[in-house]
Structures are given as structure tokens and as C-alpha cells.
Amino acid sequence: MEARTFITLEFNKVIEQLSAYASSSLGREKIEALTPSTEYEEVQRRQQATHEGSTVLRLRGSAPLGGIRDIRPACKRASMGGMLNPTELLDIASTLYGGGRLKTFIASLVEQTSLPLLEELLEQVERLQGLENEVNRAIDENGVVVDSASSTLSQVRGQIRGAEKRIRERLEQMIRNSNTQKMLQDPIVTIRNDRFVIPVKQEYRHVFGGIVHDQSASGATLFIEPQVVVNISNDLRELKLKEEREVEKILHALTAQVAESVDILLHNVACLAEADFIFAKASYAQALKATQPAINNDGYLRIKKGRHPLISASQVVPIDVELGKEYTAIVVTGPNTGGKTVSLKTVGLFSLMAMAGLHIPAEDGSEMTIFESIYADIGDEQSIEQSLSTFSSHMTNISNILQHVNHRSLILFDELGAGTDPTEGAALAMSIIDYVHQRGARLIATTHYSELKAYAYERSSMINASVEFDEVTLRPTYRLLVGIPGRSNALAIAARLGLPEKVLKQARDFVKTEESEIDTMIASLEENQRKAETERREVERLRRELEEARRELENELSGLDERKDRLYQQAEEEARIAVEKARKEAETIIADLRQIAKEERAGIKDHKLIEARKRLEEATPSLRKKKKPKQSNIPLNQQPLEVGDEVRVVSFNQKGEIVGKVSDKEFQVQIGIVKMNVKADNLEKLKAAKPQVTQNITKIRSTREPVRIELDVRGNTVEDAIIQIDKYLDEALLDGLNQVSVIHGKGTGALGLGIQKYLRSHRLVKSFRWGGQGEGGLGATIVELK
């Protein structure tokens, strides 16, 4: 891949933006060295890594990357026998701690979601807890070796403090002496050249005595070490030299431990640099609202609502581009300043970003391919920054491109053939496009030559395109219209700007009839395209609504099945408890009868007691002793269907009950709260209708609709969603729901995280979790009520 291509398509500016999201110099170094890969497996791995980083950010908001330092120079010096200073050792301990914390963080997420690449990467990080502890024990956060680093150092520093105390006491005694005070410039004890001194007036130098270590700028003050403390100061100096030797001994010992583990440390650094790099890509994707494109090796790309990452969100216009299946070349025609160059650059830049492992700012469903080489000749009349090159410069660049083009190349030509005679320029443009096309490359070329419209139309593997122009505002909309060639709109613009009709009529007469008819045809195509786009959006909206309704029904049916099973289990347990209680009561009654008989010596016989016990047992509800109803010899699935039968709807694989008969071949079935008409051959009988028992039952009709098992709060702010959820949970509890689902969508993840933060302290919530397979995944939160 040529470096010139990176500059032309402004990939270097994307790298600059990406660097801002790195947390360490290690991550920035990897970003600055980032180039696109042409290997399919490597591109897939890079994209997967960015996806995993994005998943972590959606779940937790950020990753703990603090404390990681570039310790490679220190490791190298340690391995060569040099001594590391306290700051370097603290950086190593900090990096070990940061790596261990990140490793633990990722391990805690593995149960929630799949992160194979991050898990494998950080499994390689070794904590070296012993080395980290030794450094932190010996050196404080200010980079000072502490007294407790060794018993010798502790002893020496104690002696130093004692010597300093004795010196200060002697000197303070001197400055308090009235005979001495007149000789002093200031009655203080200070330090010069690491010796304790007293500031003495110049004229008392010989009277005061001692060793002069310094003087003031004016020469009026001498800093003298009195003779009485010279010997103690000499002892202090020896102690400080001993302290320095002991500190060096400690640092050498710690450095030796670093040297022993230097390979592990360097591997840790490489892993942590990669992790920082991955999370920087994920943060950049989050900032761009980018998505992961599908990757293929077939020369096919499809960009859905792609937004150029270097243009502000308020100004960028999304484009849709497809290339490599029905057609391998797109010829974009129309006037200059219409956004053709930006479209060209967007396709090229997206290709580089995808191959580098970056997500692209486009809608889900976008797909990118791997190119062996990308060439761009873009003369920037409409470019974002640069000025237009000369015709000769263009031809030199194009000549170089044609020498290297092959079937795995993407070629981007901007204003091909411009800068020379229009007739010759158009002929040259068509010839160059033919040459590239014959070699199987993917090509997008922009031009304002109208001759290329017919040229592209006549070739089945090429397609025309244009940038939409609003004739009302007289401005381009910058929306790319694939399949519709461009037109100059010069006469329409001139008419709206007030050019006399006579002049316009003559101009129309000068225009060839064929060209006029082509422009009319293009105008009709543009109108049809607009209508088709409007209809497509409406169909898409309806499709989404139907999909949502289907998903809601499936969730309701699934939830109702689970609730029914729980109610069955609960009823069986309650019945078992009731039977056990009744049996114990019967035993108690019999025991009491026997006691009475014993005490009163009544003539009650054992057989009478047995009969009493039998009567009690017959009066006791028992699940075990219930007689099963006599079953028909005819299998259930062959018996005729009746109202009240429990059935399974085969197509849905859901249980329900027949509540009405539409005809002999169709019945109304209730599944939970949903009623539907179902064909008889789609029903499988599970249980026959229960015999009707006449009872006096008072029916109470609720004025409130049954609560749904899910609440959709997508599109709301966190505050608005919380208000809806609070009311919904109260209603769900009143309706006896044990579990509900709150649908908030995936998006940036902010709404889901805000809702879960609120649920942690909610009085009605027992627990909650992200949705699982078939429950909405990270786009939903499943709530279990108390």
C-alpha cells in the first residue's frame, strides 16, 4: 500500500484522531505504526478485537488502563547490569499492578459475554506479585527508599538523626549565648554544602573561629561551621556515605529481581500495549457511532449510510454505495462542487479503516472487502484541503497506477481527464477506465464529461451515478444516487436566477436534441428514484413494526409458559403441604381418642378407632389417593377436538386452550392473553376438557388491562424511562408477574446502564440481568420481582 494513498485519502488524519483515545504512550506507539493489512485472517482478527473492546465499553463504560508505563528502557538497562533508580522501579511496580487489575477486570466479564481475544491476550500477563510487593515495601510513593527497606538502613538513619540532633543542640546553645549573638547576622542554624553552619558577620570572622563554607552575595555574611561541631559533622558525613551505600545496595537487589524477570516484563508490556490499542479503537468507534463491517475476500463492498469520519456530524451527508457484484465500476457524472470527491474519499478511507481493524461510521449490514492495493488520483478542486494538481501531474500518477493495477485493486479517479481539451479528455478518460476494467480491478471515477454517461450505460458491468442537486435551493444535497447519471442543471439554474427567456431558448436550441432528451430522461429517473426511496423507507418501517410485534408475541408466549409451569409447581407443593397437615391432624385425633378410652375405660374398640381414622383419611384431600379418571382407549391426538381441550399449536410449538369453535376445521385458541383462530390440522390434543362443575362463583371484572410482560422504553432519556419503569413494576406486581423484561435497545449502552443502576435500589426488584439468547441480549434487561 503506497504512503501517498494514505495522505490522499487522509488516513493519517484518522490515525491522529485515534491516537487521542490511547491511555498510554505504549498504545499511541502502536496506533502510529498502524497500517492496513491485506491478509483476510488478520483483518478478521483485528475487527473482532475492536468488537470485543466495544462490548466491554458498552457493559462497563470504560476499562481500567491507568498505571501502565513504558518500562522497556528500564528493563533493558537492568538486563545490562545497570542500577535502576526508585522512579523506574515504581513504574515497573505500577505497570505490574495495572496489568493485574486489567486481567482481573476482563476475567470478571467472561461469564457475561464472550471475549476470546481479550481473554487470551490478558491471560498471558503475569502479575509477579513478589517483585511488585518488594518494590512497594522498599520505596514510597515519592520515590524515597524507606527506613524499613533493611535493618542496616534503619540503624544508620537512626544514627544520622541522633548526630543531627546533637549538632543542632550545640549550635542553638551557641546562638542563645549573649556574647555570641552580637557576632551573628541572624540567630539561626542553616546548612551549606551539607554542613550545619551559623551566619556570622564578616568583621567577627577571626573572633568567632571555625570553617567558612559559604558567604552572602554582598560578602557581609559568612556561613561558618563552629569548631565545636566539626568532629560530630564529620561523623555525620561518614554516616550519610554509609546510608548512600546501603540505599544503592537495596536498589541493586531490586534491579537484580527485575533483570531475572525481564522477559516476562517485556511480554507484559507488549500485551498491555495491545490492550490499550484495542480499547482506543473501541473508544474511537464509540465516538464515531461506528459499526463493525462484515469482511469478505471476494472484491465486494456495500456501505450503508456511510459518513466521512473527518466531516462534522452536523454537516456530513450519508452515502450508500455497492460495488463488486452486479457491477465493478461506478462512473459518477455531474457538475463540480457536488460532493463527488467526498463520496470517492469515503469509499477509499472506509476500505483502509476496515483493513486496519477499525469500525466504520455506517449502519449495520455494511460489508467491506480486502484489497491488495488502493490507488487514488484525486485532484482537489472540491477536496477538503489540497489544491488541484496540473494535468501533467495527474497523468504521471495515473501512468504509475496503470503499471501496478490488478484484480485485487481499488482505483479511485477524481475528475478523470480534466485539465485538457474536453473531447480529448473524455476520450482519454474512457480509454483509462477500459484499461483498468479489463484487469478486473474495482473502480470509481468521477467526471463532468457527459460523454461518459452513455459509455457507462453501454457496459453491463458498469453503472452511472450522480450527486443529487436541489433545483429549488440551487444547491447540491451531496446525496449519492447510484444508477442515475448526473446532469449539469446549468439551464435550470440560469432560469431561476432570472436569465431572460430569449437567451435560455436560444441556449436550448444550441443543445443537441439527443442531449436534451437524455437530460429529460435523467430528470424522470431522479423523480422515480425519490418515489422509490420514499416507498422503501415506508416498507422498512412496516417491516420493523411487524418484526417488533412478532418478537413481542414470542416473548409473551415464552413468559406465559414459564409462569404456568411455576404455578403448577406451586399448586402441587401447596397441595402436598395440605395433605401432610391433614394426615398429622388425623393422627392427633386418633391418639386423643385412644387416650380418652384409656382414661375413661370406655368401651371403644380398636376396630372403631380404625374406622374413625379411615373416615378422617377419606375426608382429607390427598393428591396421592385421588382416583384417576377413566381414560378412553382412543389416543388423545385422534379424539375429536372440543371447547376446553388443552392443545399444542404445532406451528408455534406453544400450549393453549380451545375457547371457541369457528367451524369443524377451525377453532379459536387462547395462548396466554392472546386469542387466535387456528386450523384443526395445526392442533395437537394434550388434555380433554374437564367436566363442568356447577358452582356459585362471583365474577369480578377488572377495569384495568392485563399488564404486558415487557416494557419498551427505547428512544427515551434515562429519566423518562425510569418514570415509566417505576409505574410498570407496580402494575406488574399487582398482576402477579414474577419476571418482566425492559427493552431499552443496545445503542451506546447509556440507557441500559442507567436503568440497571436505578433497578439496584428499587424496592420491588429481587434481581436483574442482561437478556440472554432469544431475550434481546444486551438490548434488554430481565427483571425478577420480589
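Each residue, glycine too, has its Cβ placed from N, Cα and C.
As recorded in TrEMBL, the features of this protein are as follows:
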BINDING   Gly334, Pro335, Asn336, Thr337, Gly338, Gly339, Lys340, Thr341  ATP binding site
COILED    522-599  coiled coil
DOMAIN    711-786  domain 'Smr'
REGION    615-639  region 'Disordered'
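Here the binding-site residues are Gly334, Gly339, and the one with the most other Cβ atoms within 10 Å of its Cβ is Gly334. When Cβ atoms from all protein chains are considered, those within 10 Å of Thr341 (ATP binding site) total 23, not counting its own. The DSSP breakdown of the domain 'Smr' (711-786), given as helix, strand and coil counts, is 30 helix, 19 strand, 27 coil. Confidence across the domain 'Smr' (711-786), taken as the mean pLDDT and rounded to a whole number, stands at 85. Within 10 Å of the Cβ of Lys340 (ATP binding site) there are 29 other Cβ atoms, across all protein chains.
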